[in-house]
Amino acid sequence: MANSKSSPALKDELDIVIPTIRNLDFLEMWRPFFQPYHLIIVQDGDPSKIINVPEGFDYELYNRNDINKILGPKASCISFKDSACRCFGYMVSKKKYIFTIDDDCFVAKDPTGKEINALEQHIKNLLSPSTPFFFNTLYDPYREGADFVRGYPFSLREGAPTAVSHGLWLNIPDYDAPTQLVKPRERNTRYVDAVMTIPKGTLFPMCGMNLAFDRELIGPAMYFGLMGDGQPIGRYDDMWAGWCTKVICDHLGLGIKTGLPYIWHSKASNPFVNLKKEYKGIYWQEELIPFFQSATLSKDANTVQKCYLELSKQVKAKLGKVDDYFNKLADAMVTWIEAWDELNPSTGASTGVPNGTAK
Amino acid sequence: MSETSINHDEVDIVIGALQLDLTSFMEEWRPVFSQFHLIIVQDPDLKGKLEIPAGFNFDLYTKSDIDGVLGSSSNAISFSGYSCRYFGYLMSQKKYIIAIDDDCIPAKDSTGNFVDAVAQHMTNLSTPATPFFFNTLYDPFCEGADFVRGYPFSLRSGVDCGLSCGLWLNLADLDAPTQALKPELRNNRYVDTVLTVPARTMMPVSGINIGFNRELVGPALLPAFRLAKEGNLRWETVEDIWTGMCVKVVCDHLRLGVKSGLPYVWRKERGNAIESLKKEWEGVKLMEDVVPFFQSLRLSTSAATAEDCVSEIAAAVKVQLAPANPIFARAAENMVELVKLWKRARTQ
């Protein structure tokens, strides 16, 4: 099929947010797909270190000093020494869409051997509707070669606007530390050629390694929490954002897709280090999941910010007793929204206006 | 729940015969079907004698058998057309049933190997399902996969799988308007995964290629709701859609899983979508109206078996849907009748 587009889709409407503490060498491999887009680099760790951005990329870079300068005291909500700091990039972006990717993620190949333009697939996912209200057994009905199956209610076939596109990983799968310890050699080699909507009312583990979202529809919900330095927990940043985001999307009638695109995840982090970061999360999670599964938002919560602030109150009320960490997190959630609104004064109406056409 | 393996003698393969000559269908499936006991049910509206090749272990049921069992039961219950296979479900004494439409043959996977659909259904039914939290790597129990980071540990043992819904290459199970608008559309995409459809999420359950645990969910898979002019092409029916919503409610309530995805079968060309569009289906609009009903349906804590669940669903249909249309009153009565038939068949 000939590609008649002369310029990459959403070239001026999408920012690529990359957290890094090391280097950005991985961008070389992505150059054919990423170069047309603007990058927001969030440099974690030592701000005096110089991060080399490969030539030819249009970017803005923020280190910890920049974050402190821009947010002042509100910078306390942005994690340090953890890739959770990436959400600062979401906040300062002025674009409608965000794609975020880790610096150990490379271009994967599909079963025909063709290199996968992950960004292009995310854009397709975001620009076509989701189907959260009824499961389609042929997965995403808006994909080429698919459709709604017999029995799918006609009244639900317009779908809902897509707020999030969650991609997957070949090679090193996103396992928790205990699973990594038990299966150190397991690699994900299965290419599942599907995109699907995660149904309304169902939670999922959102991984921030290969993720895209509509910032105008859901941006303020993508707070990656308090992790890393000085915090009792790590590797739950994206999980936290995902559960908040899902509850809010369900409330506002927005959809979240998962599946394609795949990237190639090259680095397995140290499982013992991971275990130390995760272990509190593993048992706190057992309280968090029922909390999110039963969380309801009021009818008045008709913007993402309002939803998020309501959620933060519930976090304090119900999870504060699990650990004081959640009191701090609830406060940080409020700080985040305040900071978001300060940096993004015009956004605020997120009542699920459809983006893009159906097919 | 640990994995169990299923013995062949725990399985019945049920075939609804809507055509007289089953030879090519059975020959295509011979390597697989010859290992199992088959229940073949002839569509009672199909006149003539079925042609079945030799070398299969099967029981055959025809109109006279069906009439014998239905006896004085309400004559609103019909096992004709695609509903004939439900009679096979009723007659089976096995724990598991796998049913494949007689216009489907084995598919090939993306490496070119023939798919043993029966074996895949058996795998799906014997490994746990995970309806309470979505795993982004899909089925965590298959080779090479696992639960991802962030999946709650308390939910990792999963629950029993009650229903396994397979898919179709070539002619997908689309409705007539969709196929008529896209006459060239064929499903060529082999999606190499099985996943659990989350609890309280409704889905269209297609009867073309399914497997289920008869002991756990059997009573829910009986033909209570049919269109007045139901035809014998899949896109002229909704009986499986109705039973599918019932069985999903039952599974959600009993904390059983419903899986969807592999296996694929290859569905042969049949029928003309545009011709089918000309028929009137009063029921298709009605199906739209029942979706909110099923989505919000909650059963009582005392409903502990599929029979209990179906009885409660029937009562709810009578109270909430029947006032709008007598077709639902009939469906509710049928469901009650069918549960009785089910119980009777089990004691014989």
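Every residue, even glycine, has its Cβ placed from backbone N, Cα and C.
Note that the coordinates shown come from a computational prediction; the quantities given were computed from them, not determined experimentally.
Classification of A:Arg150 (site 'Required for activity') by DSSP places it in coil, neither helical nor stranded. Annotated site 'Required for activity' per TrEMBL: A:Arg150 (among others), in sequence order.
The feature N-linked glycosylation site is assigned by TrEMBL to A:Arg150. Here the Cβ of A:Arg150 (site 'Required for activity') has 24 other Cβ atoms within 10 Å, regardless of which shown protein chain they belong to.
A:Arg157 (site 'Required for activity') counts 17 other C-beta atoms within 10 Å of its own C-beta, drawing on all protein chains shown. According to TrEMBL, the site 'Required for activity' annotation covers A:Arg157 (among others).
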Exercise for the section: Measuring Cα to Cα, tell me the gap between A:Arg150 (site 'Required for activity') and A:Arg157 (site 'Required for activity') in whole angstrom. Expected result: 12
